[in-house]
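Student: Annotation comment: Swiss-Prot describes GLY221, SER222, SER223, ASP224, THR225, GLY226 as NAD(+) binding site. The active site annotation in Swiss-Prot covers GLU244, CYS278.
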Amino acid sequence: MTELFIDGAWIAGSGPAFASRNPGTDAIAWQGDSASAADVDRAVASARRAFAGWSALDFEARCAIVKRFAALLTERKEAIATAIGRETGKPLWEARTEVAAMAAKVGISIQAYQERTGEKRQDMADGVAVLRHRPHGVVAVFGPYNFPGHLPNGHIVPALIAGNTVVFKPSELAPGVARATVEVWQEAGLPAGVLNLVQGEKDTGIALANHRQIDGLFFTGSSDTGTLLHKQFGGRPEIVLALEMGGNNPLVIGEVEDLDAAVHHTIQSAFLSAGQRCTCARRIFVPQGAFGERFLARFADVTSKIMADVFDADPQPFMGAVISARAAAKLVDAQSRLVEQGAKPIIEMTQRDPRLGFVNASIIDVTGVANLPDEEHFGPLAQIVRYATFDEAIERANDTAFGLSAGLLADDAHAWEHFRRTIRAGIVNWNRPTNGASSAAPFGGTGRSGNHRPSAYYAADYCAYPMASVESTQLTLPASLSPGLHF
């Protein structure tokens, strides 16, 4: 098997064999040998050799290759969407939107580099002040499984535009998507060594993260892993570390006129991508009283009709499987622990088959749970918290170490003004799902949710460093000399 891409060539890994599986059927989706520490070392060395030539290449020449990549993505949209659906379980309709987002990120990233970084000049006495931006060098990109094309792409594209070279370690649960994406880069004409792919599980990731020749590490994934990386690089200020992690995101429901609109946005917030978006609402704050009862009844009614199915089912389902049978079992276990602490299931989650990743969208009332654990349950497990006052809802919504996304569904503009001023999150939406975001806006959060904004537009900020210069085309002795100097 030739599943690693190093120095412009597909080669076999020398590490242990592993495989990914379709979580909706348990069929093998990809199999191959992982990258050993020696393979990782070769990938980093290849990126280091390629850096001088790639960074010296004219900006427009780099952009031409990246634009070609976007065009090829559009041409191969269906094939790549199928690869995404097969490995992640997400329905084809959603996988297609992921590929479209990958292509759209290119134009935004190019614009971002020119506007946020690029080169700027200002005249000054006897010269000109110039601000330029320089690439860091070799950067490691770690990708997640929930958006195995789109999210790593949000690091890789701006990194390449800025002139960095990349070693890409995808999730071990979606290696096939990574291969398909790198094949597109290869066809787009990316020079050898500029982008290298190392497939593998934990040991491959450790070898790359520990490598002494990387200049930056860009990570999207769990808060636990990101926190470990932050500790690891705590004594290495020379490493640029960009972390985009999870959230225990709140959605506050007000007493709105359009009940079905509120239920729709809540379902989108909690259950889109089978709840496997880092911006999905985990905690739903519902007012006490008659409106809250009507909301919960309608929410439960519509949720009970959501059917999960295989990614290529016809007709298409709203939800597919979660990423693995193991992930499904962990969600059911999380529900059981909450019940033991006093939570009351409204719609109980079950795993359809212990070999598969199918679970149903579930709702559990955790109002009576004392010391509710501040955990991100990465799946369709919506926790209901009843509140008496709006201020109480905001206080409890902010009771988290995370701070990725938050949302308010309310007709009252004054309530929104109060909410946006007092809520602590990097993405705060009004009358929109919590997982609605734009690549042209910052994507990221506070606290344990991360330290940078890896959207297409703001990723430019951490993909290059500013270099300030004061320049004069002519060397002349100043007319006025400092005291004590005699010429």
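Cβ coordinates are placed from backbone N, Cα and C, and glycine is handled just like the others.
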Student: Neighbours of the NAD(+) site GLY221, SER222, SER223, ASP224, THR225, GLY226: Cβ within 8 Å of the Cβ centroid, same chain, sequence order.
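Tutor: Near the NAD(+) site, the remaining chain residues are PHE219, THR227, LEU228, MET245, GLY246.
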Student: Return the single residue from the binding-site residues list (SER222, SER223, THR225) that has the minimum number of other CB atoms within 10 Å.
Tutor: SER222
Student: DSSP on GLU244 (active site), three-state: which is it?
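Tutor: GLU244 (active site) sits in a strand per DSSP.
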Student: Looking at the recorded positions ASP224, GLU244, which sits with the largest number of other Cβ atoms within 10 Å of its Cβ?
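Tutor: Ranked by Cβ atoms within 10 Å, first place goes to GLU244.
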Student: May I ask for the distance between GLY221 (NAD(+) binding site) and CYS278 (active site), taken between their Cα atoms and rounded to an integer number of Å?
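Tutor: Distance (Cα to Cα, whole Å): 9 Å.
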Student: List the residues of the same chain that sit at least 6 positions away from GLY226 (NAD(+) binding site) in sequence and have their Cβ under 8 Å from its Cβ, in sequence order, or write 'none'.
Tutor: PHE219, LEU243, GLU244, MET245, ARG448, GLY450
Student: Tally every other Cβ atom lying within 10 Å of the Cβ atom of GLY221 (NAD(+) binding site).
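Tutor: Excluding its own Cβ, GLY221 (NAD(+) binding site) sees 21 Cβ atoms within 10 Å.
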Student: DSSP secondary structure for SER222 (NAD(+) binding site), reduced to helix/strand/coil, please.
Tutor: coil
Student: Given ASP224 (NAD(+) binding site) and CYS278 (active site), what distance in Å do their CA atoms have, once rounded to a whole number?
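Tutor: So the alpha carbons of ASP224 (NAD(+) binding site) and CYS278 (active site) sit roughly 13 Å from each other.
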